[in-house]
């Protein structure tokens, strides 16, 4: 189990961290996202290692119609980040935003004070909760992205009650 965790961290780290010319980036909140997913533990229906290269939307990027419920969870996670980038004006900071969380009773409690950190956490929490109900299909693991077809559809309108007030202290 520990080997799979570290392999997942390594793969996600290598995939998400890209050198940038002329700008300094914070460490990606990918470690926070992994912490959020690990908080849900055995309730997740898909192993973390399998999540990164699953379907058309899990991992970096995403296009085409979601293949199943797990892929739809990843699509909705992308939508949540998109909403945070555009509507809340967090821009690309949301993808790199560190956040504070508390894992209690196998659920994440988001504790960041900044709206960008708070929504990054809430998006990751929403992904984890979605993945507790979505059952993966083996045929969509390590899916070839060139097989993804069709329109991915429109992101649903995001109504986040946590964006209406200041984040928790």
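Backbone N, Cα and C atoms are what each Cβ position is placed from, and that goes for glycine too.
Note that the structure is predicted; figures quoted are calculated from it, not measured.
According to TrEMBL, the protein carries these features:
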- 1-22: signal peptide (SIGNAL)
- 29-149: domain 'Phospholipase A2-like central' (DOMAIN)
- 56-148: disulfide bond (DISULFID)
- 58-74: disulfide bond (DISULFID)
- 59, 61, 78: Ca(2+) binding site (BINDING)
- 73-130: disulfide bond (DISULFID)
- 77: active site (ACT_SITE)
- 79-155: disulfide bond (DISULFID)
- 80-123: disulfide bond (DISULFID)
- 90-116: disulfide bond (DISULFID)
- 110-121: disulfide bond (DISULFID)
- 124: active site (ACT_SITE)
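Neighbour density around each Cβ, counted as other Cβ atoms within 10 Å, peaks among the disulfide-bonded residues 56, 79, 90, 110, 155 at 56. By a simple count of nearby Cβ atoms, those within 10 Å, the most crowded of the recorded positions 78, 124 is 124.
Taking the C-alpha positions, the distance from residue 148 (disulfide bond) to residue 61 (Ca(2+) binding site) comes to 12 Å. Cα of residue 121 (disulfide bond) to Cα of residue 80 (disulfide bond): a span of 11 Å. Across the structure, residue 124 (active site) and residue 77 (active site) place their CA atoms 7 angstrom apart. Residue 58 (disulfide bond) has its Cα within 10 Å of the Cα of these recorded positions: 73, 77, 78, taken from 73, 77, 78, 116. Of all the disulfide-bonded residues in the list 74, 79, 80, 116, the shortest Cα-Cα distance to residue 56 (disulfide bond) is found for 74. You'll find the Cα of residue 79 (disulfide bond) roughly 13 Å from the Cα of residue 59 (Ca(2+) binding site).
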